[in-house]
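Taken from Swiss-Prot, the feature active site, proton donor/acceptor covers Tyr144, and the record attributes it to sequence analysis. Annotation comment: Swiss-Prot describes Lys172 as active site, schiff-base intermediate with substrate, evidence class sequence analysis. What Swiss-Prot lists as pyruvate binding site is Thr55, Val214. Marked as site 'Part of a proton relay during catalysis' by Swiss-Prot on the basis of sequence analysis: Thr54, Tyr117.
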Amino acid sequence: MISETNFTNPLFGRILTAMVTPFNENGDVDYELAIKLSNYLFENGSDGIVLCGTTGESPTLSWSEQHDLFTAVKGSLDSSCKVIVGTGSNSTIEAIEATRKAYESGADGALVVVPYYNKPPQEGLYTHFSSIANSAKDLPLMLYNIPGRTGCNLLPDTVKKLMDFSNILSIKAASGRIEEVTELRAACGPELFIYSGDDSLLLPMMSVGAVGVVSVASHLVGTQLREMIFFFLDGEVSKALEIHEKLQPLFKGLFETTNPIPVKAALELLGWKVGSPRNPLTPLNKEQKENLSKIIKNLSL
């Protein structure tokens, strides 16, 4: 049984759902449905909600839409539910402005992604994140390393330097490498809260020190993920592994094509009218939707 304080008392809880952004038939943000969905997620396994991240289609949301979405969702949820807002940008100035606004609006934390496209060196990443940290010193920040989307990898030694800032406390590790957790712990120690950025790697990453997950699958199987986590924490590894293996087809199906296309389709199949993703993302094709439907039926969702 792992007894490190940070492992047993994670900063944002165990399961954070990276929530989709619902759109109505006109393609506008459906704030009322966002309120209903976020409350449903909180009632079904999620400790917190991440808004305006990759799954929330932040690249195609205006800053005003993002602010209005946060205001609507945060105001509707129980205070025990953490609401983290994606405030990252490949412009340091924009990221600072968004993070300050999140803090002033009452966010529980900010998810700040590695700058994308311009591919800064590690020195530039340090400058970027330290400037954001200084701009909202009382707001907990979760760094977001996803090199497959950004084209840039945040190295553990850089994370270690950034931990000199008291509000840089956690990281979403989404490189797809289990070793990332071990490398981060070797550089930063157990003080860093590491969250898996991949549902399929949640259990393996927890076995080497991750504390939880920023999840897509929790839209559909939040209670099952919670059971898996607590079986593992209680030392019932075989039961945790059984759930992990049972859910693998869903984890794979939700990433058959670009996220959040499949999870929006899955929610539609279950009666949540969250709408299609905004262009340039496109809905699932017929064959993909049929495959996803089979997975959902096999899990009796």
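Even glycines carry a Cβ here, placed using N, Cα and C.
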Within the chain of Thr55 (pyruvate binding site), which residues six or more apart in sequence place their C-beta under 8 angstroms from its C-beta?
Ala18, Met19, Val20, Val216, Asn259, Pro260, Val263
Let's check the environment of the residue listed as 'active site, schiff-base intermediate with substrate': how many other CB atoms sit within 10 Å of its CB?
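Result for the residue listed as 'active site, schiff-base intermediate with substrate': 26 other Cβ atoms within 10 Å.
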Radius 10 Å, atoms counted are CB only; among the recorded positions Tyr117, Tyr144, which position scores highest?
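The largest 10 Å Cβ neighbour count belongs to Tyr144.
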Hey, does DSSP put Thr54 (site 'Part of a proton relay during catalysis') in a helix, a strand, or just coil?
coil
Of the recorded positions Tyr144, Lys172, Val214, which sits closest to Tyr117 (site 'Part of a proton relay during catalysis') by Cα distance?
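So, spelling it out, the nearest of the recorded positions is Tyr144.
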So if I measure Cβ to Cβ from Val214 (pyruvate binding site) and keep only same-chain residues at least 6 apart in sequence, which ones fall under 8 Å?
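In sequence order, Leu16, Thr17, Ala18, Val50, Gly53, Leu111, Lys172, Ala174, Tyr195, Ser196, Gly197 meet the Cβ cut-off.
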Any same-chain residues 6+ apart from Thr54 (site 'Part of a proton relay during catalysis') with CB under 8 Å of its CB? Would you list them in sequence order, or say none?
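Same-chain residues close to Thr54 (site 'Part of a proton relay during catalysis') (Cβ under 8 Å, separated by 6 or more) are Ala18, Gly86, Ile146, Arg149, Asn259, Pro260.
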For the residue listed as 'active site, schiff-base intermediate with substrate', what is the secondary structure state per DSSP, taken as helix, strand or coil?
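The residue listed as 'active site, schiff-base intermediate with substrate' sits in a strand per DSSP.
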